[in-house]
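For His48, Glu75, the entry in TrEMBL reads active site, proton acceptor. Among the features that TrEMBL reports, active site, proton donor is placed at His199. Taken from TrEMBL, the feature 3-amino-2-oxopropyl phosphate binding site applies to Asn12, Arg23, Gly200, Gly221, His222. Annotation comment: TrEMBL describes Asp14, His15, Arg50, His55, Thr105 as 1-deoxy-D-xylulose 5-phosphate binding site. Feature annotation from TrEMBL assigns site 'Transition state stabilizer' to Glu156.
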Amino acid sequence: MSLSEKLRLGVNIDHVATVRNARGGDTPDPLRAAKLAEEAGADGITAHLREDRRHISDADIDRLMDALNVPLNFEMAATDEMQAIAMRHKPHAVCIVPEKREERTTEGGLEVAREENRLAHFIAPLREAGCRVSIFIAADKRQIDAAHRIGAQVIELHSGAYCDAHHEGRFDDRDRELEAMREMSRYAHSLGLEVHVGHGLTYDTVKPVAAFAEVRELNIGHFIIGEAIFIGLKPAMAEMRRLMDEARGELQAAS
Ligand SMILES: CC(=O)[C@@H](O)[C@H](O)COP(=O)(O)O
Ligand SMILES: NCC(=O)COP(=O)(O)O
């Protein structure tokens, strides 16, 4: 991959639905947020249909599929129910994520290595249907090798541990997490996998990750939606885009 290729920004609109669902009505509408994000230059929209439907609903996915002009990255657990939904919609990308009912947010990466056989069979029809299959994993060589073996085209590295360490002031841990993601981005890229990164990224944490030459896409939601409350969605996205471009520009200048 060349550095002149654009680093894509996928905007996750799950937490617009979280606010909507707090009152059970129709507002704020995640589709409206997605269309605004699209107008503001989002390269894709990410939505996670959780098994417990705590934020995005089935109807949201129907409406996103009908109305979006940019690719939808459909995040889902590896269950029969979700596979059937994905097969009905055939979104541009399907990102397989681990899910626990009791977790507040996606805590870790998918355990691919221990479930290789099941996951290989699970993703095969999705690939045949034309979806790009992405696997949400920790920066762990074993998991990357397994994702590669089962035929995934993309991996998304979970940046939550790096972001948490930064915001909690555990800078040694942060630097270790960052280094692991850097090394594993290179490794995954060398296997021919497309590399994405996401979870918990903020203005303070995005630049070092955006500077990984092998990374093609960042998926960012919670922070952008939170910031949008104060400054609006388009300015919040524009600032994220500016930081990503700045990191990329610095990398290009140094190479
Ligand atoms: C997999 C992942 O990182 C996302 O789905 C995102 O964080 C939003 O969903 P949750 O906050 O419900 O985990
Ligand atoms: N896959 C990560 C994602 O879509 C966004 O995560 P977050 O920024 O909402 O934590």
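Glycine too: its Cβ is placed from the backbone N, Cα and C atoms.
Positions of TrEMBL features highlighted on the structure.
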{"residue": "Asn12", "record": "3-amino-2-oxopropyl phosphate binding site", "Cβ contacts under 8 Å, 6 or more apart": "Ile45, Thr46, Ala47, His48, Gly198, Asn219, Ile220, Gly221, His222, Ile224, Ile225"}
{"residue": "Asp14", "record": "1-deoxy-D-xylulose 5-phosphate binding site", "Cβ contacts under 8 Å, 6 or more apart": "Pro30, Thr46, Ala47, His48, His55, Ile56, Gly221, His222"}
{"residue": "Arg50", "record": "1-deoxy-D-xylulose 5-phosphate binding site", "Cβ contacts under 8 Å, 6 or more apart": "Ile56, Ala77, Glu99"}
{"residue": "Glu75", "record": "active site, proton acceptor", "Cβ contacts under 8 Å, 6 or more apart": "Thr46, Ala47, His48, Leu49, Val94, Cys95, Val97, Phe136"}
{"residue": "Glu156", "record": "site 'Transition state stabilizer'", "Cβ contacts under 8 Å, 6 or more apart": "Cys95, Ser134, Ile135, Phe136, Ile137, Val195, His196, Val197, Gly198, Glu217, Asn219"}
{"residue": "His199", "record": "active site, proton donor", "Cβ contacts under 8 Å, 6 or more apart": "Thr105, Thr106, His158, Ser159, Gly160, Cys163, Asn219"}
{"residue": "Gly200", "record": "3-amino-2-oxopropyl phosphate binding site", "Cβ contacts under 8 Å, 6 or more apart": "Ser159, Gly160, Tyr162, Cys163, Asp164, His222, Phe223"}
Quick check: which same-chain residues outside Asp14, His15, Arg50, His55, Thr105 lie with their CB within 8 A of the centre of the 1-deoxy-D-xylulose 5-phosphate site CB atoms?
Ala17, Thr18, His48, Arg54, Ile56, Gly221, His222
List those of the recorded positions Asn12, His48, Gly221, His222 whose Cβ lies under 6 Å from any atom of ligand 2, in sequence order, or write none if there are none.
Asn12, Gly221, His222
CA pair Arg23 (3-amino-2-oxopropyl phosphate binding site) / His15 (1-deoxy-D-xylulose 5-phosphate binding site), Å rounded to integer, equals 13
Of His15, Arg23, Glu156, Gly200, the recorded positions listed, which put a C-beta under 6 Å from ligand 1? Please answer none if none do.
none
To see if you understand the setup: which same-chain residues, six or more apart in sequence, place their Cβ under 8 Å from that of His15 (1-deoxy-D-xylulose 5-phosphate binding site)?
His55, Gly221, His222, Ile225, Gly226
Would you mind checking how many other C-beta atoms are within 10 angstroms of the C-beta on Arg23 (3-amino-2-oxopropyl phosphate binding site)?
9
Among the binding-site residues listed here, His55, His222, whose Cβ has the fewest other Cβ atoms inside 10 Å?
His222
The largest Cα to Cα distance in Å among the residues Asp14, His15, Arg50, His55, Thr105, listed in the record as binding 1-deoxy-D-xylulose 5-phosphate, is 12
Grab the 3-amino-2-oxopropyl phosphate binding residues from the record (Asn12, Arg23, Gly200, Gly221, His222) and give me their largest CA-CA distance in Å.
25
According to DSSP, collapsed to three classes, what secondary structure does the residue listed as 'active site, proton donor' have?
coil
